Amino acid sequence: MSGTNLDGNDEFDEQLRMQELYGDGKDGDTQTDAGGEPDSLGQQPTDTPYEWDLDKKAWFPKITEDFIATYQANYGFSNDGASSSTANVEDVHARTAEEPPQEKAPEPTDPRKKGEKRKAESGWFHVEEDRNTNVYVSGLPPDITVDEFIQLMSKFGIIMRDPQTEEFKVKLYKDNQGNLKGDGLCCYLKRESVELALKLLDEDEIRGYKLHVEVAKFQLKGEYDASKKKKKCKDYKKKLSMQQKQLDWRPERRAGPSRMRHERVVIIKNMFHPMDFEDDPLVLNEIREDLRVECSKFGQIRKLLLFDRHPDGVASVSFRDPEEADYCIQTLDGRWFGGRQITAQAWDGTTDYQVEETSREREERLRGWEAFLNAPEANRGLRRSDSVSASERAGPSRARHFSEHPSTSKMNAQETATGMAFEEPIDEKKFEKTEDGGEFEEGASENNAKESSPEKEAEEGCPGKESEEGCPKRGFEGSCSQKESEEGNPLRGSEEGSPKKESKKKTLRNDCEENGFAKESEDDPNKESEEEVGPTKESEEDDSEKESDEDCSEKQSEDGSEREFEENGLEKDLDEEGSEKELHENVLDKELEENDSENSEFEDDGSEKVLDEEGSEREFDEDSDEKEEEEDTYEKVFDDESNEKEDEEYADEKGLEAADKKEEEGDADEKLFEESDDKEDEDADGKEVEDADEKLFEDDDSNEKLFDEEEDSNEKLFDDSDERGTLGGFGSVEEGPLSTGSSFILSSDDDDDI
């Protein structure tokens, strides 16, 4: 064998030639060797000839004619598909015909014995009975249609569909002219449907025609042509999915024109502006939630998007059905949301409303975020408060309600601010009075009281007057709140009966004496000249008023009640000096008559009403008074009757026109004085009187604004008494110039009026 590369045929021929030259003797020896039995190839296992392949560098069995025949018999060989190499082998066999025939192995005549696969013979097919789902129906009316036949046969089972055309597998046979013959074929999906149709539909009648149903049998008509290409259904998966779809319980879609998928998406514009989210990014979530709540009324929402960077303020809402989207468009188009008129329309299916953030915007956003992180904690809190206030100042855009008027939020904000303004002055007044009471406890001297009087006027008088004159409702609300808190205090009576009463009595006496000395130097002998009150007199009167206020504030800080201080002082005076109290009561009657006369000039009927109410309240309280103090009360009543006459003469000298009301006021005053002795153990009654007094002087303030400068001093005194209304009864007794010892009567008068 040469070392050149030969192709397969040349190489095979070369091997045959070499076999002729060198292999005849060996073959003869192998065949004539009787010592061993031949194997299946006709050769001894140990006598198999090998040859060396120079190209592959290996030994291979030597190819002989017997080897080729055996190989063809084992691995299948047909005469029609003989290869050229086999032809060459035949040529070699012709050339070696002189060899004995026994050397040739017999060629196999039956290929099946050698392991060749048997191919299925092409011919007519037969359907197995257990898999046959076809039903043949005869006796149908000649005018029956395919739809009517489908409707008839579908009553007994699911009709199979063609996987490619998706049409029902039914057939109505026709003759040569195209007319219906009256028979048809139906293919069911399950075998059970065939049995059901045989039981129920067989021998049934339709329009007078009797039907006959049987299992379909397929027969060959004519001769079978095997040359025709056999139809193959390779779409097994498609067929299986079609069957599963038919077996599904879900109903089929409604027949009708199908709408596009993008018609289910609604585009809403002008919902917001991108700048709205810079101050408060959380507004985005609020708008999304409001839109979700509103759109859920029209149907099921599948998806909701807000394009926060779009300049038109675009939002998209995806519904389940196009009809729901149509309803949403019809309802929301043209409505108002957050002060903006929105528009709603169906999505065209192509427009992309997503606006990407530019590199510049991204850099600015990152810089702002970095600045926020580097800022101290205090500035962060300030920025948060600024953002909250900015969101409150946003106005109509923050309403975020459909079809809402833009000014609603502003009105609500104004109401809130007004309510806060009403409450703030009241709290400030209480706080200042408490501070003043604490300062007065440190030093109860007259000089200290006078020094602190300008400060107290600035703190108490000015804010109280401004709040009461500018907004009367505010003072009324404040007094009501104080009344409620005082009336609801059950601890006041127990505190008054405590051992602290002795020390408080002494303190009150010292204060009253100091006030009396100060008032003697400040009194003006000309009592009738009320119009000529000088600035010195006004300042002195203010000082005396402030001293009484400080006495009341001292009592408030000590006991938490506004009447206990003065009542304790009154009790001390009655116990220690009976005659001195009678003198003070006479002067008190005069002062009360002055109040009555001036009230009559001002045409203030509120005082009468309040005094009557006080009388009725005190009548109820008299039933619960202790019997041990009745004697003192009777003595006081007789003294008051004698003092009433003196008060009347004093009022006539001043030219006041209150004679018609003196008797009524005197009766009310008698009741007031009778109660003063009994109120030592019942301070709860004083709280109710205090509430009535506050209402009285608030009415006086509203009436005093209408008069001349002649009554300005009285107005000021009345306003001061209003400021002290929560602290001490009838503060109006300090009007005008007072007689000697009037400052002492101020404090005792407040006690008697309780």
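Count begins at 1; order follows the chain as displayed.
Cβ coordinates are placed from backbone N, Cα and C, and glycine is handled just like the others.
These features come from Swiss-Prot:
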type	residues	note
REGION	1-53	region 'Disordered'
REGION	81-122	region 'Disordered'
DOMAIN	133-218	domain 'RRM 1'
REGION	259-353	region 'U2AF homology motif (UHM)'
DOMAIN	264-349	domain 'RRM 2'
MOD_RES	Lys297	N6-acetyllysine
REGION	380-415	region 'Disordered'
MOD_RES	Ser387	phosphoserine
MOD_RES	Ser403	phosphoserine
CROSSLNK	Lys429	SUMO2 cross-link
CROSSLNK	Lys430	SUMO2 cross-link
REGION	433-754	region 'Disordered'
MOD_RES	Ser445	phosphoserine
MOD_RES	Ser452	phosphoserine
MOD_RES	Ser494	phosphoserine
MOD_RES	Ser521	phosphoserine
MOD_RES	Ser529	phosphoserine
MOD_RES	Ser561	phosphoserine
MOD_RES	Ser616	phosphoserine
MOD_RES	Thr633	phosphothreonine
MOD_RES	Ser642	phosphoserine
For a quick check of packing: other C-beta atoms within 10 Å of the C-beta of the residue listed as 'N6-acetyllysine', how many?
9
If you run the three-state DSSP split on Lys297 (N6-acetyllysine), which class comes out?
coil
Provide the three-state DSSP residue tally for the domain 'RRM 1' (133-218): helix first, then strand, then coil.
18 helix, 30 strand, 38 coil
